[in-house]
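Some notes on the structure that comes next.
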Amino acid sequence: MTKMMTPAMCQYYEAKQAYPDTLIFFRMGDFYESFGEDAKTIAKELEITLTARGKDKSGERMPLAGIPYHAIDTYLPRLINKGYKVAICEQLEDPKKAKGIVKRGVVRVVTPGTAIDSSMFSDASNNYLMAVAGREIGKPGKNAENEFEIGVSFLDISTGEFLTTQFRDSENFEKLLSELARMRPSECILPSSLYENPALAERLRAQTIVQEFAPDISGAKEAGERLKNHFRVATLEGMGCENLDFAVYSAWAALEYAQTTQMRELTHINTLRTYSNSEFMILDSVTLRNLEIVKNVRDEGDENSLYRILNHTKTPMGSRALKKWLLKPLLSVEKINYRLDAVEELTAKPLLRYDLRNWLSDVRDIERLVGRVVYGNSNARDLVALKKSLEALPPVRDSLLENIESTILNDIAVGLASFSELENLAEMIDRAIVDEPPISVREGGMIKSGYNAELDELKDIASNSRQWIANFQQKERERSGIKSLKVGYNKIFGYYIEVTNANSSQVPEDYIRKQTMANAERFFTPELKEKESLILTANEKAIALEYEIFTEILQTLSAHSRELQETAERIGTLDVLTDLAEVAENNNYIRPQLTDDCKILIRDGRHPVVENTVHGGFVPNDTEMDCKENQFLLVTGPNMAGKSTYMRQTALIAIMAQVGSFVPASYASIGIIDQVFTRIGAFDDLASGQSTFMVEMVELANILNNASPRSLVLLDEIGRGTSTYDGYSIAKAVVEFLHNRGKVGVRALFATHYHQLTALEEKLKRVKNYHVAVKEEGHELVFLRKIVPGATDRSYGIQVARLAGVPEKVIERANEILKELERENVLEEVEDSKNGKKRKSKATARYTQMMLFDPGDSGGNTAKVNRPSPVETVLKKLNVDEMTPIEALNKLHELKRLLN
């Protein structure tokens, strides 16, 4: 370090050298300051003033940016949410007591996935750190794609939740990316082998912050040993991951990264849960977006999402649990029915449900409160919130024990009853902490009187000091006879007795001179000196003792962290169940039936979101699908008629059913669905340089490669992003492929404007045609929103254009062009599946592009164009009966000229 740098700047550079890729918040008195390039970054991102102070290593003026220490909760989240890592370098000793330069050191590193402060994330969402481990596994065969064995872990240090799984994935990492979409981590850490894999790292970066991190271990075996040491267990078998090497490795990577950034052991992370993808319906990022499960497409908020419709939970734990349920619908009919039994019971018992929801409304975020307690960054207000939450639980427990029958509700009641210390912990906090404590835990004022005798005495000394001084002053006036005598205080000389020079002859002999002034003398007595020592140290001692008592309370609560976290989980589950019952009753939902066959039967189904937003009532529709005759539903009809809404509502009803929710229908029976695939909507992926059509084909490829007979596929307007012939050919091939896949086919809803596809109903036995009914009233088009059997051969495009507000001149011209095309009798040949012969029908969907192609080169779907000659056109318009001989002769000359 250069001699021109101050000792404090030397400390700053030492911290920066230790954390080169991290912004440094360096505590200087009442400010956190940053220097050099960090200062420039912070000033820009936080929009604060950039100044300069001192010299850098080269002797130049050092850029400086700073924020008040008490405003860190305002500014820090803004940097973290932009993906920065921030190292907090604190003063490690009291500057007043420091000998020389104040000791400073980094006490924690805040990253997007390891934030603990509630200001940095939403109560309704988990803040996951994702860790990935894996290895490429070659497959035999010249053209075989390689696979990867992948382990993934998710850790939320704010709640203590810790999950891991392991699976085999393709070289495109579809399963891993689906997990990413479902869990939505704030940060992902990768070992170098995966970090340097462009196929993975770039796709991860598109959705989260990605860091390279390798834990300080030799391999999975050592990772397992360290996990066992952390959890204080002899084996990981009870956690389900004993032989899952990559899951174990990723789990330790997540925990080591979290403990390294927080610079402490995270004892509130006290269990690891292993889960399998085979337990849950798969909803990939495309499906989550298209169906707007937890956020909408418009602004990625939750308005008009399924989550928003269903989320009337009373607690943060309930909000988070509901989101997890929606992102991971169950595949087990038995487990789904456990949830449905509870929802049904709570629906049938409205008074019980009302009481439970009323009590739950007093429960705060127990999970995160406990996390902060164990972590050590909680304050007295957190303890008051925890106390109020615990006080609300005994009536919940007792009411459940007395009134419930269903399995899940009984498990919750028994679990709450097993927490024997619940009331004692609430009582301890109530006896110790004042009702409205200050935020700071180092300034006193948070412990109630009567909790600790020593503290009461110190507080009494401190609070009664003014009265004692007043009494002492009055006593000395009477003893000395000096009416103007006064007792004062300043920081330099402490307490003193002041006597003016005019009264100096009356000063008692036991007064000891302390200070001489121009017009007065200041004295003290042994009694005043002794009291001064008590007064000045009492407040300091009281504050220190309060903090000590507070710390003891935290330790007591920490000893029960596991029971508190389990209680929080039970309350979250109860909150979701009461919420689903409330929503079911308010929205007229019914209990669905779940089966292990492939049938889907929905009567009077409604879109759960749209029915809450439309005016004038929602038109319900039926859906009937099976594996024999109605496996592939081909839906035709005009734009805006409701095809997409119908398809989406079918999928949403199925998802709700497998979540364990009642559904918007009069009857519903759902054959378990393992994955919902969607190809709906059109947009360009500009970030990846992909056009609308390319995006469509990538999503379609994923569906065709991965859909199983247990899946549900929604396809909307496949092929519209390219030429008509290409689009039609692709659409037809897709229908045939899905219908014939694995000889049993795939359940699918396919909306299209290629009306020629409706002929496939006669060729493919499990394809069935449906269309959206419309009614024409003059030039007006009335959408009936009803899905009815059979096909339609009209798109009503011009009528829809009129409804959209297209200028009337354009509408009129479009009608003229349409009539002209119809007069020209543009025909196409399509294959009649009944007899294999060609039949002719009007090509209403492809007029504009058909002439771009050679009719004889259309891959079997030839288009024959019969254009009338100019002479034929004139002849058709003639009315021979009304023509005179002269007029007939003139017309004949005109026809001859046309022929020439």
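Glycine too: its Cβ is placed from the backbone N, Cα and C atoms.
Residues annotated as ATP binding site in Swiss-Prot: G637, P638, N639, M640, A641, G642, K643, S644.
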Worksheet entry | Additional residues surrounding ATP, by Cβ distance to the G637, P638, N639, M640, A641, G642, K643, S644 centre under 8 Å | A751, V772, F783
Worksheet item: Which has the fewest other CB atoms in a 10 Å radius around its CB: M640, A641, the listed binding-site residues?
Response: M640
Fill in: Surrounding CB atoms that lie within 10 Å of the CB of P638 (ATP binding site), all protein chains
21
Discussion item. With DSSP assignments reduced to helix, strand and coil, which class does P638 (ATP binding site) get?
Written reply: coil
Discussion item. Counting across all protein chains present, how many other Cβ atoms fall within 10 Å of the Cβ of G642 (ATP binding site)?
Written reply: 26
